[in-house]
Amino acid sequence: MKTIDDLQVAGQRVFVRADLNVPLDGTAITDDGRIRAVAPTIAKLVERGAKVIVASHLGRPKGAPDPAFSLAPAAARLGDILGQDVAFATDTVGESARSVVAGLADGQVAVLENLRFNAGETSKDDAERGAFADQLAALADLYVGDGFGAVHRKHASVFDLPQRLPHAAGDLIAAEVAVLKKLTEDVKRPYVVALGGAKVSDKLAVIDQLIEKADRILVGGGMAYTFLKAKGHEVGISLLQEDQVPACLEYLARAEKRGVEFVLPVDVLVSAEFPDLKTKAPANPGTVAADAIPADKEGLDIGPKTRELYAAKVADAGTVFWNGPMGVFEHPDYAGGTKAVAQALLDSPAFTVVGGGDSAAAVRLLGFDETAFGHISTGGGASLEYLEGKTLPGLAALED
Ligand SMILES: Nc1ncnc2c1ncn2[C@@H]1O[C@H](COP(=O)(O)OP(=O)(O)OP(=O)(O)O)[C@@H](O)[C@H]1O
Ligand SMILES: O=C(O)[C@H](O)COP(=O)(O)O
């Protein structure tokens with residue numbers, strides 16, 4: 001892959017595909033880790049006299065403008081971090097984008113509105129995606145891919161656009177790939193993978209591959225309930241991917257056959273309601289055994305026995321890769337499982353990699369020193385799919 005150093009950027013319009021998909025509370029950014037992570041690439045381009053156009057998705061709007069997913073707060077925060085004014089286009093390829101880009105002087109930066117306000121960005125139809133990529137390409141002379149968190153998406157700005165412009169990888173992508181590559185080549189064993197989070201269907205597929213690579217797989221968060229169901233337990237109103245139950249059964253059987261330890265929660269915190277993440281009003285969860293979740297309750301965190309069990313399972317690890325919070329950590333009553341696993345990683349002598357926008361945010365929001373971990377990846381799904389050995393569209397497109 002070419003790097004920024006291989007591009008002549010002075011005076012050129014450089015399109016930087018970043019991942020500014022940060023957690024928001026209204027318009028307030030609750031964790032700006034992903035913005036800070038890409039800022040050095042942007043600063044380097046500024047210093048070299050480029051006209052920098054930054055683009056990203058935020059959340060999953062449905063292909064049309066939706067103010068709740070505006071990138072305006074992220075643009076403002078990027079300006080604070082860079083210490084310079086950052087222009088903001090209120091659309092992505094329309095009148096505002098064209099005039100903001102036309103007004104850029106060398107060394108200036110603009111952020112475009114959310115790429116996913118356009119249906120072409122995420123379309124499965126090559127022609128529709130291509131047409132949107134053509135519109136994006138008209139805005140720029142060069143392309144820098146640095147949105148590591150989105151490289152697993154075959155989206156217009158990630159996959160089609162770099163095929164239309166001279167391109168290179170940004171410094172964040174280069175650094176992420178360097179660390180994750182080590183985990184695929186010479187991993188120190190026992191290799192423990194801890195998985196949680198809410199993007200259940202994305203991550204179940206990953207387990208299929210990890211069974212071939214890991215020595216131990218610990219499952220928590222929203223992921224756990226489909227496995228508990230596969231083991232014949234009722235999961236009440238917990239997050240469940242019913243259609244994946246047969247696949248989970250197959251994974252459990254294959255793990256056993258291969259001697260991979262597959263560890264599921266033995267107890268969980270439950271409640272009849274999802275907690276109020278705004279007011280953080282006390283949720284008063286109950287603790288139940290994982291095989292005794294009441295029909296009207298949902299599991300929202302791993303319980304105290306599971307926390308101890310998972311800590312013991314990482315204590316002698318050589319390498320730990322952790323993706324996805326163990327519970328709804330945004331509420332203090334359900335942050336304990338995620339906290340316990342983060343602490344267990346720090347207490348372990350293992351090389352520890354934390355992957356995922358939400359996992360990384362959780363580590364910081366719960367007060368851990370992020371530099372104490374081996375590596376904090378900005379990619380959740382992206383880092384998992386990289387470890388699976390998949391060809392990632394956003395990396396493949398940067399390769400030639
Ligand atoms: N038991 C649960 N039920 C419902 N939601 C849960 C549960 N456990 C964790 N979550 C939620 O999962 C979300 C994070 O999941 P996600 O899969 O997005 O994590 P990530 O991999 O770190 O991030 P990303 O893939 O977006 O980079 C959090 O908002 C958390 O509240
Ligand atoms: O949060 C992430 O994992 C990335 O920003 C990708 O987001 P997506 O899962 O909505 O494509």
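Cβ atoms are placed via backbone N, Cα and C, with glycine included.
Site annotation (TrEMBL, ligand ATP) includes GLY299, GLU330, GLY356, GLY357, ASP358, SER359; from LYS182, LYS188, LYS203, the additional listed residue is LYS203. TrEMBL names ASP19, LEU20, ASN21, ARG34, HIS57, LEU58, GLY59, ARG60, ARG153 for binding substrate. Of ARG98, ARG116, ARG129, ARG189, the residue it gives for the same site is ARG116. Following the DSSP three-state reduction, the secondary structure of GLY356 (ATP binding site) is coil. The two recorded residues, SER359 (ATP binding site) and ASP19 (substrate binding site), have Cα atoms 15 Å apart.
In sequence order, HIS57, LEU58, GLY59, ARG60, PRO61, GLY63, PHE69, THR122 make up the list of same-chain residues 6 or more apart from ARG116 (substrate binding site) whose Cβ falls under 8 Å from its Cβ. With the fewest other Cβ atoms inside 10 Å of its Cβ, the least crowded of the binding-site residues GLY59, GLY356, GLY357 in this structure is GLY59. In the three-state DSSP reading, GLY299 (ATP binding site) counts as strand.
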